[in-house]
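Visitor: I'd like to ask some things about the structure below.
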Amino acid sequence: MAAPDGRVVSRPQRLGQGSGQGPKGSGACLHPLDSLEQKETQEQTSGQLVMLRKAQEFFQTCDAEGKGFIARKDMQRLHKELPLSLEELEDVFDALDADGNGYLTPQEFTTGFSHFFFSQNNPSQEDAGEQVAQRHEEKVYLSRGDEDLGDMGEDEEAQFRMLMDRLGAQKVLEDESDVKQLWLQLKKEEPHLLSNFEDFLTRIISQLQEAHEEKNELECALKRKIAAYDEEIQHLYEEMEQQIKSEKEQFLLKDTERFQARSQELEQKLLCKEQELEQLTQKQKRLEGQCTALHHDKHETKAENTKLKLTNQELARELERTSWELQDAQQQLESLQQEACKLHQEKEMEVYRVTESLQREKAGLLKQLDFLRERNKHLRDERDICFQKNKAAKANTAASRASWKKRSGSVIGKYVDSRGILRSQSEEEEEVFGIPRRSSLGLSGYPLTEEEPGTGEPGPGGPYPRPLRRIISVEEDPLPQLLDGGFEQPLSKCSEEEEVSDQGVQGQIPEAPPLKLTPTSPRGQPVGKEALCKEESSPSAPDRLFKIVFVGNSAVGKTSFLRRFCEDRFSPGMAATVGIDYRVKTLNVDNSQVALQLWDTAGQERYRCITQQFFRKADGVIVMYDLTDKQSFLSVRRWLSSVEEAVGDRVPVLLLGNKLDNEKEREVPRGLGEQLATENNLIFYECSAYSGHNTKESLLHLARFLKEQEDTVREDTIQVGHPAKKKSCCG
């Protein structure tokens, strides 16, 4: 039955039960309502507790600083917690601040917030009261209905049965208790609706009867369909059995054939397996024999292992002893290396001191050389005066030649001879120290002819060819000879007391014999190993002389390159060059004899200042790097900077990449060298001192370039004007 609030309330017992069960049913209905009221009370109490906790949480949110009270601005922090605007939150704060002091304590906030919340929820509480009242009325109504059902009479039961029989409801309704209960309730409470209810039952029962008839018809049709389906299925089963039987016979036939073929195949396999078994048996016997032999070998190996372990222990002890000895030897070797290093340093210092002393001695000798040149000039003047006096005496003393007496005195020939000796000695000094004499050496490196004083014409001495020699190499040459050497015939030993005959003087004066430039005494051993290059050109003096300086890092192959170029041979294991060394090589360049003075410089850092001094007088520079050493190529720019600082860009530079024969270990590609040469306007070649590849070609290219450059300079000089002839130092 529907309750006044729209809810459907189920009855506690079904219709048709005894009337004595009515009080139990009403009690069952009252008990849940009482429990519902208690539950609502508990829910209300728990809601109040939840609100108190929520109010405390809101207070803590507002009082983030822990002051113990909240102000009006702190109330705005609840904007994210509650669906209220800032103005509404301020209104709530004003409502909670009853005393108007501008802040709220925890007690005021909790009490006021709870009161505010419950005041907002009063309408819902009133609705809950109305629901409780409705539930009470429903409870009373249900209890009364149960009492009325208990007082139903037998006549009403008979009338209900007659109605059901008239309608034929027994065939349709299985349980009439619910309909009976509704009919009795309508008859007692609202009898005017009873006829409508009976009409409703009549229509319902007639519809149910029609539905029952349709159901029976459908069941009959379904049974007929099932029978036809069963017959068809039976027919299909029979056909399938026939097919299965035929297929089974065919399968058995094929299976028999397969079985026979399989049997034959298995028999053959069995024979093969038996043969394999025999082979395996034989192999097993053979393996057993090998296993037995291996066991014997194992025992022997164990014995050998035992011996080897003992031997290994002995060797380990010997190794340990050897290692101790090796450590001692290494310590001794380190001490020897340290001593060798000290000796090397001392040797270098000694070499430096000797070199410095040589420089000082060189300066002293240069001063002596200047003095001797002045003396030579004075002697030439005296010789001219003697010539004039002799001519006058010849005219005055022609009558008294027979009575000419012999006298002793100085003869100009003595001075001339001594001057030749002095000149020879000065030239020897220049050979030792590698100092070119600008007044007596030509472009080719050979001395010019002797000139008469003041005229610039060649003297009677003629040319004095002398091959160029290289400077001292401190590493290769012993130095004590320099300290022991000296002049064999100093100026003070020139004799002036020789007597000559009358006729001898007359013969000497008009003829003016040539000056003797060869020293009267043999020379001492020159300092250093002065190796000469093979002269490939004609014995005549070269037309040009160019000074070329080799630079580059140590061990790039400069000395080996020079030896290959000059001597056409390669000497492995050469030591590094110390100081400066040079060689001379004459080439035929375009039908012209060109002498190349090749200066080999040391690549070590400590000789850098010495190397830079030779750039100033160089006609060309060759910068060499190692193709197998990238660091030597990286140092090329530094060498080019040194050359540019010393001579600028007026000197042509040849960039050589050595060790082309060692192509497998190449670290510098050819493209990098070509790029560097293009950027700095250099001549670029890759060569090999070991095989001689591009050694002559590269220097021939540089010599031709220097010759063309000098020809260009000469042509420009001729166009400007002929320069005045240089006077000799003695003129």
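For all residues, glycine too, the Cβ spot is worked out from N, Cα and C.
Reproduced below are the annotations present in Swiss-Prot:
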| type | residues | note |
| --- | --- | --- |
| REGION | 1-45 | region 'Disordered' |
| DOMAIN | 84-119 | domain 'EF-hand' |
| BINDING | D97, D99, N101, Y103, E108 | Ca(2+) binding site |
| COILED | 201-382 | coiled coil |
| REGION | 349-540 | region 'Proline-rich domain (PRD) which mediates interaction with VAV1' |
| REGION | 426-466 | region 'Disordered' |
| REGION | 494-528 | region 'Disordered' |
| BINDING | S554, V556, G557, K558, T559, S560, S571, P572, T577, G603, N658, K659, D661, A689 | GTP binding site |
| BINDING | T559, T577, D600 | Mg(2+) binding site |
| REGION | 572-580 | region 'Switch-I' |
| REGION | 603-619 | region 'Switch-II' |
| LIPID | C729 | S-geranylgeranyl cysteine |
Visitor: Against which stretches of its own chain does the domain 'EF-hand' (84-119) lie, if we need a Cβ under 8 Å and a gap of at least six residues from its ends?
Guide: 48, 51-52, 55-56, 58-59, 62, 68-72, 75-76, 78
Visitor: Where's the emptiest Cβ shell within 10 Å among the binding-site residues D97, D99, D600, D661?
Guide: D99
Visitor: I want the residues beyond D97, D99, N101, Y103, E108 whose C-beta is within 8 angstroms of the mean position of the Ca(2+) site's C-beta atoms, in chain order.
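Guide: So the extra residues in range turn out to be L96, A98, G100, G102, L104, T105.
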Visitor: Checking the spread of the GTP site as listed (S554, V556, G557, K558, T559, S560, S571, P572, T577, G603, N658, K659, D661, A689): what is the longest Cα-Cα distance, in whole Å?
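Guide: Site span for GTP, by Cα atoms: 22 Å.
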Visitor: Between the binding-site residues N101, T577, N658, whose Cβ has more other Cβ atoms within 10 Å than any of the rest?
Guide: N658
Visitor: Please identify, among the binding-site residues D97, D99, Y103, D600, the one with the smallest Cα-Cα distance to T559 (GTP binding site).
Guide: D600
Visitor: Can you give me the Cα-Cα distance between S571 (GTP binding site) and D97 (Ca(2+) binding site) in Å, rounded to a whole number?
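Guide: For S571 (GTP binding site) versus D97 (Ca(2+) binding site), the Cα atoms are 113 Å apart.
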Visitor: I want to verify one value. Collapsing DSSP to three states, which class is T559 (GTP binding site)?
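Guide: DSSP assigns T559 (GTP binding site) to helix.
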Visitor: Nearest to Y103 (Ca(2+) binding site) by Cα distance: which of the binding-site residues S554, G557, D600, D661 is it?
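Guide: The smallest Cα gap between Y103 (Ca(2+) binding site) and any of the binding-site residues is with S554.
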Visitor: What is the interatomic distance between the Cα atoms of S554 (GTP binding site) and E108 (Ca(2+) binding site), given in whole Å?
Guide: 98
Visitor: Rank aside, I only need the closest one: which of the binding-site residues T577, D600, N658 has its C-alpha nearest to that of E108 (Ca(2+) binding site)?
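Guide: Out of the listed candidates, the nearest Cα belongs to N658.
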Visitor: Can you name the residues of this chain that are 6 or more positions from G557 (GTP binding site) yet have a C-beta less than 8 Å from its C-beta?
Guide: M624, D626, N658, K659, A689
Visitor: Between 0 and 100, where does the mean pLDDT of the region 'Switch-II' (603-619) sit?
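Guide: Overall, the region 'Switch-II' (603-619) comes to a mean pLDDT of 74.
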Visitor: In which DSSP state, out of helix, strand and coil, do we find Y103 (Ca(2+) binding site)?
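Guide: Its secondary structure by DSSP: coil.
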Visitor: What kind of secondary structure is E108 (Ca(2+) binding site) part of, going by DSSP in three states?
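Guide: Helix, per DSSP.
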Visitor: Determine, to the nearest whole angstrom, how far the Cα atom of D97 (Ca(2+) binding site) is from the Cα atom of T577 (GTP binding site).
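Guide: That separation, Cα to Cα, works out to 106 Å.
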